[in-house]
Amino acid sequence: MSSNNEKIPVDLAVTVIGKWKETYAWIPVFGAFAAIALAFSTGANNLTAPFSTPIGSGALTLLKAFIIACLIYVPGAALAGTHIINSLISDLLKQNQPNEGFLMWSMVVVLVSAVIWLSLATYFGLPVSSQQSIHGALLGTILVNEGFGYIPMWNKSENHNFTGGGMVWILVEWTVAPLLACFFAYLFFTLLKAFLLGQENAEKRIMIFLAINYGISAGLLCLFAMFEIVGKIVSVSKLIAIVAVGGAILAGVFLSVVITVPLAMKKLDVISKYKSEKQNGSINHEYKENQDKTSVTKQQEKQEEDIDQVLKDFMQMRVLETVYEEEERSWASPESEHIQAQLVSELTTATTQSTPFKQLLESTPNKLLPNRNFQRIERTSLLENAYRFIKEQAKTILFPVLDYDRQTLIQHALAEKYDEIEDFLSFPHLLASCLLALIQSVNEVAAIASPYVAILDVFQHRAKYSRNGDNTYQDSIHVKWWFRTIGGLVAAMGFFVCGWRLSQCLGGKLTYMSNSRGLVSQLSSVAAIIIITKTKLPVSSVHAFVGSLLGVGIADDHQVIFMNTK
């Protein structure tokens with residue numbers, strides 16, 4: 001009897017687990033498709049922030065930007081730590097849920113809601129934050145489950161320790177990062193115009209600026225790596241961080257002086273030689289044109305003299321002909337005069353009879369219609385129509401045309417240009433864009449997988465979520481690296497297919513875009529994100545980037561930027 005009693009609980013547990021997995025097996029499958037859709041929509045909206053300025057300035061095409069995005073977002077999301085996932089989801093999982101099935105349903109609703117909102121925002125050209133969308137959906141599940149009293153205002157309340165962010169947390173995310181990035185961009189671009197772009201010897205000053213710029217970029221990259229990557233694995237003291245950042249700045253300056261500055265000087269020499277050759281060629285061309293003009297004028301004068309002589313001869317011949325005609329008329333017989341009169345009368349009657357018909361033709365509107373060339377309509381098969389449709393769609397994806405309205409084109413034409421310096425800033429612009437993309441891949445793209453990983457964790461480890469009112473759950477979610485890699489790849493594909501919508505908005509709609517303006521906006525966004533992240537405040541890379549664009553536009557022309565935001 002004892003052996004039979006021991007087998008009953010085991011058999012009961014097996015049947016319960018079997019029914020659990022059979023009942024909810026479709027939720028992880030559906031959640032996988034929803035997670036892929038979320039990654040795709042995130043790429044179409046958020047990934048345009050780092051690459052919209054290079055595309056708008058002409059430094060990159062959409063295809064090249066997609067290749068760079070794959071090289072950055074895929075390894076960046078794969079190497080991101082689990083702290084990004086845990087800060088967003090794990091604290092919600094620690095709360096008392098009605099049951100495990102409801103928790104899985106909540107994560108599915110979070111995925112679907114975020115996908116719908118990001119898709120609508122992308123369609124209407126609105127840059128939004130995917131991480132903030134997930135925050136809002138999570139707060140919506142708490143509202144349905146517990147009511148308004150359980151929604152945290154910040155990240156903590158009497159009932160929650162929700163570090164993913166409350167209502168005020170999201171409001172701070174809307175305001176702090178964009179304002180700080182706007183201030184940095186306004187200050188940076190104002191100084192850049194005053195000391196470099198607006199100077200007569202800008203070609204010489206650009207060499208000094210390149211060394212400073214590469215040093216700043218290296219320092220920002222090291223600062224981000226020390227606090228967001230290395231700092232999450234081991235503890236990093238402030239002294240070590242300061243020494244590392246200082247060494248990175250010096251290394252960036254040294255490498256730029258040794259490598260990039262000589263290349264820039266060589267490029268400057270080539271440009272100066274080309275300009276001198278062009279000026280000499282223009283002088284020779286003007287000299288030849290003057291010679292040709294003098295020869296042409298001489299020929300014209302000679303031709304005019306010949307024409308005058310011909311006219312004189314013609315007039316003399318005409319006078320003689322009139323004299324001869326008068327003499328012939330005086331010698332004409334009466335019969336010939338009678339015949340001529342009959343001919344004239346017949347001609348006049350013919351013309352009078354044909355006049356109404358001419359008037360009728362002139363009054364008809366048919367003469368206003370163009371001649372129509374009728375072509376033979378060929379029947380096409382369904383496969384040919386499908387092939388033609390796919391070809392047109394592929395053409396619009398691979399080679400999208402960024403169309404702007406008339407007001408934007410006029411503002412682009414009136415914007416101040418610095419064509420002699422812009423070519424030297426193309427590579428620093430791309431480097432700053434890649435730096436922002438790396439930060440975005442670690443902080444935001446890796447968090448796309450959070451709701452789906454929570455679904456898998458609940459489905460596979462149901463026991464640790466059945467706490468029966470016990471709120472002592474302390475485990476964290478572990479996301480496999482290959483899953484984050486898939487999320488980064490799908491996000492890059494979403495940027496390639498639908499990223500042109502936001503690239504048009506951020507790459508030239510708010511303000512005229514060039515390499516200098518794009519460099520300022522990217523570096524300002526990176527600096528604002530690192531500073532706000534260090535203070536443990538919420539930050540969105542997309543919102544920070546929009547703030548930096550506003551700062552550049554205000555520094556460039558405040559009237560233009562306010563007209564474009566209407």
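For all residues, glycine too, the Cβ spot is worked out from N, Cα and C.
Values in this document were obtained by computation on a predicted structure and should not be read as measured data.
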Q) Looking at 481-502, 525-546, which one is transmembrane segment according to TrEMBL? A) 481-502
Q) Which one of these stretches, 59-82, 174-196, 208-227, 481-502, has the most C-beta pairs shorter than 8 Å to the transmembrane segment (102-124)? A) 481-502
Q.
Can you tell me which parts of the same chain pack against the transmembrane segment (208-227), counting only residues 6+ beyond its ends and a CB-CB cutoff under 8 A?
A. 192, 196, 236, 240-241, 244-253, 255-257, 260-261, 264, 424, 428, 431-432, 435, 438-439, 519, 523, 526-527, 530, 533-534
Q) the transmembrane segment (59-82): which same-chain residues, six or more beyond its ends, come within Cβ distance under 8 Å? A) 43, 47, 51, 229, 232-233, 397-400, 426, 429-430, 434, 437-438, 440-443, 445-446, 476-479, 481-482, 484-485, 487-489, 491-493, 495-496, 499-500, 503, 515, 518
